[in-house]
């Protein structure tokens, strides 16, 4: 502090500080200094006696006189939400701390490690502050709360260790630039657990995957895997086993922390179990989260779920019982049913399975196997706003402003103006089979079909731009920034870049799903996926993705929706689970 005060004295006397340093490193004015100090100009006379101790205003001034590099270094220890939401309210100088793109990039690197790609897509205009904020929240909510072990003999553990070593992969690229990345979880921990990760490249030769490793890398991988196994074995001996098999309430899902191995790699040799550090307690969600189950109201499987309103306070569900229901998630301990939507005189919302939902502002659209899309007015309590006949079963929906897009079983993508009496704008035929998923912005439509193609359509020019052939059809899709992420029938994740109408396949990732991916949500710093393999996985969207947590359900998971940190999951029965931050 004495050195800082000496610097302050030199500044006031005009010595020891190069010209322009204040403007470059501390651009705030004297008035902003007072904003930081939280004080008005002094009202007492100059003759007033000095304070017997250093004042807060002096210390605040000292802070602003620090070199800019030191200020940004101090700020790097603050949470992202503090830099984004708090410092700008203190003074103009500190508000500029959060404008340093390089500092945000370094923060992201510390969160995910330096040996992985982030973002996977283009870096142009990437929102680094939001990505860091979302990653920190994701890690806080979903990582490090529960760990899992396997019931195996010592010999079986040795075999798993060898198999995990053989599962680590990054690399082959096929003719279309399709890069396949497979990363075993134990190797993920080695790579992500410290800033010094390891890249392990795999090559395919004669149908077999072989590791390309030098001796040092192999030894490093072996030590990391053995260390992880020893820790998990010790936890098993010390804490005992506790298996989570509850089907309802906050225990509706198994929490699987990805510290050892994916269940898919264990085959039939072991059964995944959970170990909690206090086995006497009932199994529960991570402390930062709570899980509620909406009261059973549907009488058939729930195919689609959608959070509404921007804050996740309202939830819509669509079921095979032909109904669409609205729920208030803030009313009651487990939410309250608001409305079952339908026209006057109708017994159900649709005349067939409700397969998909989409929303924009006060408009809610529901697509059904009865070859219709029904429009509902959320501001009017979900009253009927219109009916659109599509001519075929509706498999996916997307809303962009007042334009509704519907992908149908008869291979078409229909564009509708929801305000018009005759809503159909155009129907385009881009695929040779059913359209399974859609994503769009104001200019482009990206669609995936059961014919194993993904296509791009320019809405303004009214023409198709590109079509890419894949090895497996895409079943779900999410479009964020310049990145498109999609899941396919086999459980693989595909990442694309999307710039100025040019769609480019970047990589394929194996994140551990073993069956069709039924839902995906991608944002700047988060990735959520669900599958018919009965799991929901939460990842950091790096290349390859870092899986933080796996929720294992008793039945098939048909879909998910994410909004404001709240996750809604439609499970293999007639229930919907809501994971949200504790209040």
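Positions of Cβ are set from backbone N, Cα and C atoms, glycine also.
Listed features, source TrEMBL:
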type: COMPBIAS; residues: 1-13; note: compositional bias 'Basic and acidic residues'
type: COMPBIAS; residues: 23-35; note: compositional bias 'Polar residues'
type: COMPBIAS; residues: 39-59; note: compositional bias 'Low complexity'
type: DOMAIN; residues: 60-107; note: domain 'F-box'
type: REGION; residues: 1-59; note: region 'Disordered'
type: REPEAT; residues: 347-386; note: repeat 'WD'
Tally of residues which DSSP labels helix, strand or coil - the repeat 'WD' (347-386): 3 helix, 23 strand, 14 coil
Integer mean pLDDT for the repeat 'WD' (347-386): 94
Per-state residue totals over the domain 'F-box' (60-107) - DSSP helix, strand, coil: 38 helix, 0 strand, 10 coil
